[in-house]
Amino acid sequence: MQGAAVSAGQRSLSYEATPPFHVPLSFFLAAPLFGVAAGLYLLAQPEALASRWTPGALALTHLVTVGFMLLVMFGALMQVLPVVAGASVPAIRPVAAGVHGLASSGAIALASGLAAGRPVLLQAGGGLLGAAILLFLGAAAVGLHRSAASRVTGRDLRIALIGLAVTGALGIVLVLALSRGLAVPLVELANLHAGWGWLGWGGVLLAATSWVVVPMFQITPSYPAWLTRFWAPLVLAVLALWSALGLGGSAAGTRIGPWLLAPLALCFAAATLWLMRRTRRPHPDAGFRTLQLAMLSIAAGALCALAATSLEHGFWPVAAGVLVLHGGFVGAISAMLYKIVPFLAWLHLTQARVKAPNMKKLLPDAPMRRQLLLHAITLPALLAAASGHAWAGRIAGLLVTAEFGWLLANLAGTALRWRRVMGESGR
């Protein structure tokens, strides 16, 4: 299984450039703690999801997007940039430690400030996260400048980093508006911030990763060349157009965004589902099914975002957020982590000339399958919590806490098995 994963059409990957295992692993292990915090917060504030604008909903959103997703994406990019794009991050150990510390503390401060309405915490969170993003972007820019990455790979990663920069900049402006009364069109900026974060940063990075990871780990054909060539640049162009219309005072600018972005999200999700139907896996596993659920959730979330533009009920924007963030991104990230972490553990053992166990020994199927089943059960519970009923929020909070806690336990178990094998070898 391991040898097939390495050799099946992946010879262009530079595995010898992989960073030390603890670099991405430190991000991957810290990220689920923010999901646990989100679940505990929902238990304490079970009506938080009654509207997208409640302080609780904003805090929960950023615990997931900044705490869980951003940390995982930083860790993944520390691995992807040198291996996939040939972009060696300079001084990767201190850079990773700095980004990790700034992003983690910034996520805590920002979520706390949003929940409590404390300007000083909002400003601290915005400043720390801004510093984390600047540090990471600077290091990534140096690596990409030196790399000889293929046109599509290097380009899509650059577009994702542009999306991160714009998302972060808009977020800092919103922090200043909330904490210091900066006069800006708050709703328009919040929508742009969400759009750039959804597709410009998270979506493009998920797609750029999927171009490699889905065929590699799910044993599917490659994505169509036209999709990998045009999708990410089109996302960037659409977001730039929407931003120009929205900030330029166009009456249609504030409502046109979902109608421009949703078809792109649907296209990516449909293409991934189509490829997965053509898998050569004889028996698709739980990670495979979870990735399918993630793509269906992204598609459903895009449709809910369209519904929110014409229907006044507050359920639709919350449902869009739950489907895209939890069903889509959390699901896809969890499924990918369950492939990436044991593979990296196996790879580092092999590179250290240590006899590596099968990846199913590093991460057994049963706990992974049960945790991903819990993820699938949690999704409708969160949608029910969008009704604003306290009982639904408490159930969802309990499930979210258990889901992320179990994810952490499974990933930590893989890390401990890797360390035990290394220790037994005398290294």
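Backbone N, Cα and C atoms are what each Cβ position is placed from, and that goes for glycine too.
Quantities reported herein were computed from a predicted structural model and do not represent experimental measurements.
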The residue range that TrEMBL labels transmembrane segment, out of 198-218, 324-344, is 198-218
Using Cβ distances below 8 Å and needing 3 or more such pairs, separated by at least 6 in sequence, tell me whether the transmembrane segment (230-250) contacts the transmembrane segment (398-418). no
Stretch of maximal Cβ-Cβ contact with the transmembrane segment (21-44) [cut-off: under 8 Å; candidates 120-145, 288-308, 372-392, 398-418]: 398-418
